[in-house]
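What follows is a short report on a single structure.
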């Protein structure tokens with residue numbers, strides 16, 4: 001009963017918080033955020049069809065390879081349509097009465113446009129002509145450096161171990177951490193982009209989680225304009241992914257390509273970085289570990305599935321006496337397909353796993369972490385059961 005009362009209290013607090021947010025529209029402009037996200041979705045949706053025609057004319061087409069899941073040639077370059085949606089939505093945000101204040105006090109959103117143009121351009125070249133890994137990596141470093149140069153960087157880091165608490169990063173540490181995390185997230189999304197709708201869906205889910213977390217930050221910091229950038233960046237990315245997804249879900253009419261997957265990764269990195277920087281311990285207290293760690297946990301949510309897949313792949317290939325980076329058809333999504341899941345079900349299962357971590361981290365700003373943990377545990381059990389159902393059916397058949 002005590003747990004039920006606590007959960008009811010949390011829900012009441014959340015509901016009253018939402019009402020307060022609508023009442024304080026000047027501090028937390030939910031309607032403007034929704035309009036910006038909708039704009040990104042609409043522009044991306046209609047631009048994707050045009051980009052598909054352009055990709056076919058330029059012969060930027062993904063032909064099926066032995067390790068691929070798709071069986072028909074499919075145009076790439078979807079990232080161009082996504083960037084156009086982002087560009088239009090950010091421009092709209094800069095013209096709206098409340099959100100425009102975020103452009104005055106922060107360069108986060110312009111930084112995303114410039115860095116996004118760099119990484120989308122690199123991706124488009126790769127989608128059409130192909131680039132070696134080193135050149136692509138150099139492009140990723142360049143785009144991440146643009147973010148840092150324009151002021152998007154981790155400035156503080158909360159370490160809950162050994163009584164360290166919050167540490168203020170010096171310039172060198174800030175640059176190195178931001179570059180490392182940005183490039184890691186970019187490659188994580190790129191790595192996981194192996195099934196129709198997977199990268200776009202993961203981008204949508206994680207961006208929504210960051211947006212919810214950012215709205216909570218705005219509430220707790222009395223509408224501080226320093227928290228406008230993560231809210232705008234994440235809602236724009238969510239809208240762009242949502243607009244692209246109808247074209248990309250199984251069976252995909254177009255792939256986002258490296259231009260899209262790297263753009264998604266870059267924007268997720270920028271959103272989590274801008275959310276982490278100005279968090280005040282005065283709003284949460286040093287004991288509220290989960291609220292202070294949530295920006296970093298959101299990064300973990302983005303990288304959880306692809307990094308687990310990458311580590312398992314490296315171990316598997318080394319044990320087999322092959323190069324750690326040699327391609328194969330034993331990735332997590334390949335294995336889920338092999339045990340009997342359909343293409344769509346595999347994508348939905350991975351959505352669930354990432355969503356549990358992402359929304360679990362974001363919800364700590366609204367709910368008691370203990371209650372959040374209990375709900376997450378239940379979700380993990382249910383999703384785990386759904387994941388292994390085909391194996392259980394096989395055993396029953398034997």
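Numbers run from 1 along the shown chain.
Backbone N, Cα and C atoms are what each Cβ position is placed from, and that goes for glycine too.
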(message) If you look at how Swiss-Prot annotates this chain, which of 148-168, 316-336 comes out as transmembrane segment?
(response) 148-168
(request) Could you check which of 11-31, 347-367 is flagged in Swiss-Prot as transmembrane segment? (result) 347-367
(message) Using Cβ atoms only, which residues of the same chain lie under 8 Å from residue 127 (site 'Important in orienting the substrate') while being at least 6 residues apart in sequence?
(response) 55, 60, 76, 77, 79, 257, 258, 259
(request) Go through the chain and flag residues at least 6 beyond the ends of the transmembrane segment (175-195) whose CB is under 8 A from any CB in it; none is fine as an answer. (result) 69, 119, 137, 140-141, 143-145, 147-148, 152-154, 157, 169, 202-203, 250, 255-256, 258, 260-262, 264-266, 268-270, 272-273, 299, 302-303, 305-307, 309-310, 331, 333, 343, 346-347, 350
(request) With an 8 Å cut-off on Cβ-Cβ distance and a minimum sequence separation of at least 6, pull the same-chain contacts of residue 193 (site 'Could be required for catalysis'), or say none. (result) 199, 255, 256, 260, 261
(message) Contact between the transmembrane segment (347-367) and the transmembrane segment (198-218) is defined here as three or more C-beta pairs under 8 Å separated by at least 6 residues; is that satisfied?
(response) yes
(message) What residues elsewhere in the chain lie close to the transmembrane segment (225-245), defined as a C-beta under 8 angstroms and at least 6 residues from its ends?
(response) 33-34, 36-45, 48, 78, 81-82, 85-86, 89-90, 93, 99, 101-102, 104-106, 108-109, 112, 152, 197, 200-201, 203-204, 207-208, 210-211, 213-215, 217-218, 256, 260, 264, 267-268, 270-272, 274-275, 277-278
(message) I'd like the Cβ neighbour count for residue 126 (site 'Important in orienting the substrate'), meaning other Cβ atoms within 10 Å of its Cβ, all protein chains included.
(response) 23
(message) Please report the distance from the Cα of residue 196 (site 'Could be required for catalysis') to the Cα of residue 126 (site 'Important in orienting the substrate'), rounded to the nearest angstrom.
(response) 19
